[in-house]
Every structure is written in C-alpha cells, then in structure tokens.
Amino acid sequence: MLNPIVRKFQYGQHTVTLETGMMARQATAAVMVSMDDTAVFVTVVGQKKAKPGQDFFPLTVNYQERTYAAGRIPGSFFRREGRPSEGETLIARLIDRPIRPLFPEGFVNEVQVIATVVSVNPQVNPDIVAMIGASAALSLSGIPFNGPIGAARVGYINDQYVLNPTQDELKESKLDLVVAGTEAAVLMVESEAELLSEDQMLGAVVFGHEQQQVVIQNINELVKEAGKPRWDWQPEPVNEALNARVAALAEARLSDAYRITDKQERYAQVDVIKSETIATLLAEDETLDENELGEILHAIEKNVVRSRVLAGEPRIDGREKDMIRGLDVRTGVLPRTHGSALFTRGETQALVTATLGTARDAQVLDELMGERTDTFLFHYNFPPYSVGETGIVGSPKRREIGHGRLAKRGVLAVMPDMDKFPYTVRVVSEITESNGSSSMASVCGASLALMDAGVPIKAAVAGIAMGLVKEGDNYVVLSDILGDEDHLGDMDFKVAGSRDGISALQMDIKIEGITKEIMQVALNQAKGARLHILGVMEQAINAPRGDISEFAPRIHTIKINPDKIKDVIGKGGSVIRALTEETGTTIEIEDDGTVKIAATDGEKAKHAIRRIEEITAEIEVGRVYTGKVTRIVDFGAFVAIGGGKEGLVHISQIADKRVEKVTDYLLMGQEVPVKVLEVDRQGRIRLSIKEATEQSQPAAAPEAPAAEQGE
C-alpha cells in the first residue's frame with residue numbers, strides 16, 4: 001500500500017510541503033517538495049559498492065524542467081524536452097556545490113541526484129525547491145551524508161532583507177542571493193547585486209543562513225519518521241607505516257618543489273618526484289596499490305602547502321597572503337572588433353571582446369517561467385591550451401557555462417539601460433592562460449573591452465578570488481589565489497564590483513566552521529584587492545570612449561505616430577523589406593512608434609530616416625509634391641507621392657485644356673508635380689497636375705516632360 005509521509009511548514013511567505021513514500025519506491029530515496037504550487041520531484045540512487053579502482057567521488061546531479069509543469073508543449077521540432085538548457089545546467093551546479101563537500105573523505109560510491117520540475121507557479125522559482133529536495137532525499141537515503149542542508153534566496157528591497165522573494169519582488173530588489181548551509185555553517189553563496197556594501201552582503205548571507213534553519217529542522221523530523229538505516233560504510237583504514245615511508249621519501253623534495261614559482265616548472269618537478277617515489281616503493285613491494293600511493297602523495301602535497309601558509313611563510317609563488325600578482329592591462333588589441341582588451345594577472349590571462357548589435361541580435365529564451373529577451377550576452381571559453389594540455393574542443397561544458405554566468409553577474413550592475421544605449425551587447429572571454437581565477441579575470445577584461453567599445457557603463461568593475469587555509473582556530477585568508485591554492489585550500493571566495501560596492505559574490509566552502517568573522521576578513525581583504533586592480537585598470541582606460549567603433553552599427557532612433565506603423569511595414573512587410581534593401585540598413589519598429597535604424601554608414605541611416613519621414617508624413621491639402629506616375633487609366637492617372645501613398649489625377653486635372661488621351665501627356669514612371677486637392681474620409685487623395693504647374697511654372701505645358709522623355 002502507498003503510505004505517504006508528509007511534513008508541512010511555513011517558510012517566509014510560502015508554505016513548503018515535503019512528501020515521501022508515495023513515488024519512485026525503487027530509488028534509494030525520493031521526495032516531492034512543493035512551495036506554493038511549484039513542485040520538484042527529487043530522487044537519489046546510491047550504489048552500495050564502489051567500482052574497483054575508483055579514485056574519485058562520482059556524484060552526478062541532473063536538474064530537468066518539464067514544460068507540462070507550466071501547462072505548455074515544447075516548441076522544438078520533436079515536441080519534447082532535449083538537452084539541458086543553460087539555466088538547467090546552472091541550477092544543477094547550484095544543487096551540486098553545497099552537497100558535494102558533505103560526503104565523507106574516501107567515499108567513492110556512485111551517487112546520482114535527479115531533480116524534475118513537475119509543477120510551477122510563475123512567482124516561485126524552482127531552484128530553492130530543488131535544493132531543499134536534494135537535501136531531504138540524501139538525508140532520507142541512508143547514504144553517508146553529513147547533512148541536511150537548508151537553502152534560501154535573499155532579496156534587498158527598501159533597505160530590508162526579504163526571504164524567498166517572488167519573481168515580481170525580485171524585479172524591485174537590489175540583490176538576488178542564494179545561500180545554502182548546514183545547521184552550523186554556510187557552505188555556498190551565489191549572488192548578484194546592485195553595488196551593495198560588504199556589510200550589506202554579509203548581512204544577507206547571515207540572514208539567509210538563520211532563516212533556513214526551519215528547513216533543516218523539518219528535514220530532520222522527516223528523517224526520524226521515514227529515514228532509511230544509515231549505510232554501514234567505513235573509510236579504508238590508514239596504513240600509518242606506508243604513510244611514513246612515503247613521507248620519508250617525498251615530503252622534503254615536495255617542499256622544495258613548492259618553492260618553484262613558475263607553474264609549469266613546478267608541475268614538472270612535482271610529477272618527477274611522484275613518479276620516482278612510486279617507482280621506488282613498487283620496486284620494494286610490488287603488491288602496493290599505485291592509486292593508494294598517489295592519494296598519500298596528494299595528502300603530503302596538501303599538507304606542505306597548507307602548513308607553510310599557516311606558519312606565515314611566503315606562498316607557492318613567493319607572495320605574502322594579501323599580495324596581488326603582477327598586472328598587465330591593454331585595450332584595443334584587436335583592430336576590427338568593436339572593443340577588445342587583454343587582461344593578464346600573473347599566469348592567468350583573458351582576451352576579451354565586446355560586440356554591439358541591434359535588438360534583432362538579442363537572445364530569446366524560452367524558459368519554464370515564460371519567454372524573455374536577453375540583450376546582454378556573456379560567453380566564457382576555456383580551451384585546453386590555457387593550462388598546457390590537449391583536449392576536446394566543442395560545445396561549452398558545465399564549468400564554462402557557470403563561469404560565464406558569474407562573470408556576467410559581475411558586469412550586469414553597471415550595464416546601461418536599453419533606452420539609453422539601444423544595443424544588444426555580447427562579451428566573449430577567451431582564457432588564453434589559467435592559473436587561478438579566470439572568471440574574475442574575465443570580469444576585469446569585460447569592463448575594459450566594454451569601455452574600449454564605447455559602451456557607457458556606469459563604472460569600471462574588477463573581480464578577485466580569495467582563498468582560505470584553516471586548521472582548528474588558526475586560519476589565513478589569501479588574496480588572488482593560484483589554482484593550487486584553490487585546489488588545496490578550504491574556500492573559493494570570488495568577489496566582483498566597482499569602487500562603490502559589490503556586483504557579484506560567489507562562495508564555495510569545503511569545510512564546516514566558516515564563521516561570520518572569517519567572511520568579514522575575506523570581504524574586507526577582497527575590497528582592498530579590488531581597489532588595487534581598478535587603479536591599474538584606470539591607467540589603461542578610465543572612462544568609456546566617447547564614440548563607438550567605426551565598425552559597429554550606429555543606431556538612430558526616431559519616433560513616428562503609432563497609427564503610421566502599418567504604412568512603414570506595408571502589406572506582408574513589403575514596404576519595410578524594400579526600405580532595408582534600398583538603404584542598406586536594419587530597421588526595427590516598436591509598438592509605441594519608436595523606430596530604430598542601424599547602419600555602419602551614417603549616410604545610409606540618414607537616407608532611411610528621410611524615407612521613413614516621407615512615408616509617415618501627413619498629406620497636406622494645397623501642398624505641391626513631386627510624384628511618379630504608377631498607373632494610367634482612361635479617366636486619368638495614379639501618381640505615387642511618396643510614403644506608399646497614391647492619388648488620382650483626373651483627366652480634367654492634367655492640363656489647362658481638354659485632354660482626349662492621357663498617354664499624350666503622361667508616361668509610366670514619369671515624375672510630375674502634383675497639388676493635393678482633397679483627402680476624403682476613406683483616405684483617398686485627389687491630385688492636380690494642372691494646378692501644380694500653374695503654381696510653380698505658369699508657362700510650362702504638362703506634355704513637355706513626356707516629349708523630352710520620349711525623344
């Protein structure tokens with residue numbers, strides 16, 4: 001019999017329901033989590049035995065949105081969901097990051113978490129719901145997991161923190177921050193902000209962590225009712241004698257190797273030491289496991305680097321804890337791009353470009369919450385050569401998507417509004433060298449490239465990555481971490497912003513016990529580093545260029561009467577198509593009558609504006625126009641007077657004498673002056689050549705142009 005176990009609780013302004021025991025009973029654990037009609041079904045499956053020779057933890061997190069959740073059918077050719085979207089990939093990473101550190105050291109059994117959005121309230125984002133579901137399912141499963149975790153979104157509206165704001169509230173918020181953690185400590189932060197202070201950001205993290213305790217309490221209560229027995233898993237016993245033998249052979253040599261400041265030289269020396277140590281030990285005892293020896297050597301490496309930092313000694317590359325690596329900043333490095341910059345910090349380098357396009361180049365995103373248009377695109381590429389390796393080059397991986405989104409968040413707060421700068425902007429960061437914090441180098445490079453392109457950003461922005469080494473109560477916060485310090489340390493803490501405040505904060509913590517005080521030290525140290533980098537950047541370019549690149553499209557905006565839009569577009573788009581072909585421009589018309597003309601040549605834009613003004617001009621009775629004969633009939637001729645408007649010249653209005661045959665006076669395509677006699681209620685226009693000729697050239701006969709044309 002199906003016997004669901006349900007817990008319901010209030011979480012901010014929303015009601016959360018946790019339900020288990022009803023569905024997917026063959027999975028290790030399954031939970032349906034709902035928050036005000038947004039429901040996510042989360043399953044966990046764990047393998048009881050690890051694969052032989054497995055030397056890493058194979059955790060997979062899949063997050064998938066089903067369009068039926070929003071009452072829609074997919075718009076793809078096959079009418080079903082396909083590969084994960086960028087948004088789905090980012091939420092999968094959001095779930096993965098806080099749960100991964102909570103599995104015990106040495107646990108290498110395969111675990112898969114699948115979160116499926118099955119119902120959605122447009123006001124409630126499913127990401128927090130999915131994170132709560134993953135935490136609950138893992139806690140129920142019996143898999144060794146040191147959770148549960150809570151998750152919260154924090155907004156900042158009218159100088160007040162708001163817990164789990166709705167989508168409408170987020171539009172008014174100066175902050176969008178997601179925080180996840182255990183009962184005791186924060187594990188992950190992901191945020192974007194409108195240049196808030198360090199204290200405001202830290203306050204949001206603390207607020208979110210305090211508020212999510214109700215989630216943790218309710219998951220614990222659910223586990224008491226429905227949790228499966230904890231797996232009888234024990235880590236492999238430590239071979240103290242082997243550890244001591246490996247340390248005797250390698251520790252001193254590794255300590256010396258980690259004094260080599262050049263990354264490639266250091267890596268080469270470390271590889272030699274590891275290979276020689278393993279070869280020596282296998283020669284002594286061929287029954288030893290090479291993977292186990294590699295793990296022991298890695299632990300020694302970690303200890304060497306960490307103990308040196310905690311003792312106050314210089315870091316791997318000889319710097320003090322708060323020193324920034326050498327900076328090299330250049331702009332305008334690519335001749336035909338709209339904006340470009342090369343930003344180098346130590347052995348991390350980013351070649352960043354900015355490209356300007358029209359509204360037609362904006363990305364239309366068909367999301368579960370509805371369709372939206374994105375006019376600021378940020379793409380991050382991490383080729384294998386950047387770390388001296390070979391590899392597959394193809395579509396972006398999860399890491400590239402995540403780093404690109406973080407860099408975008410760092411820049412978004414200073415981007416101009418579309419009404420002030422009506423361009424779609426694409427920034428691409430090519431990581432050409434990498435040794436720590438390439439995403440923050442991308443933020444710095446993007447700021448420089450945008451200013452080089454003449455984009456009127458509100459302020460320059462820079463980013464910095466901080467690290468942490470902590471043993472007991474002793475800790476050291478490191479500025480501008482290397483790749484090794486990230487890998488061997490306890491925290492990856494990235495901060496981007498301007499001189500006025502923070503635009504993005506991302507934090508991933510690998511240990512428990514990170515206090516508010518440690519985060520405060522990290523934020524303050526990051527501010528000093530950010531201001532230093534901005535100072536160097538400002539020496540290269542301190543304000544956006546006064547004009548955009550000669551190779552960029554120039555957008556000219558004019559306003560027309562909304563009633564005239566149909567005239568500019570024409571039947572089936574015929575007029576606007578002809579206009580774009582005739583003038584060589586791109587023309588976009590909005591419902592309010594705003595017309596945007598984009599062209600790389602100013603004369604072409606002027607021509608297009610002139611033609612649109614002709615089309616939309618009101619026909620004035622009594623005014624003389626130059627028109628072109630488009631049709632000849634027995635009773636007169638139809639003459640186009642611009643703007644797609646056509647009027648009739650009656651046979652009696654062609655000349656000041658009796659006309660027997662229209663073609664004696666007019667030819668197809670002939671240009672003639674015409675005077676507007678009348679515009680009736682149906683918009684029909686009555687014209688006169690006779691009166692126009694009398695008004696401008698009283699002596700000229702109307703048949704003269706025809707005679708000239710016929711010679």
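The backbone N, Cα and C atoms fix where each Cβ goes, and this holds for glycine too.
Now, the feature entries from Swiss-Prot:
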type     : residues       : note
BINDING  : ASP486, ASP492 : Mg(2+) binding site
COMPBIAS : 694-711        : compositional bias 'Low complexity'
DOMAIN   : 553-612        : domain 'KH'
DOMAIN   : 622-690        : domain 'S1 motif'
REGION   : 690-711        : region 'Disordered'
Of all the binding-site residues given, ASP486, ASP492, which residue's CB has the most CB neighbours within 10 A?
-> ASP492
Tally of helix, strand and coil residues over the domain 'S1 motif' (622-690) according to DSSP?
-> 8 helix, 33 strand, 28 coil
Stretch-averaged pLDDT - the domain 'S1 motif' (622-690) = 87
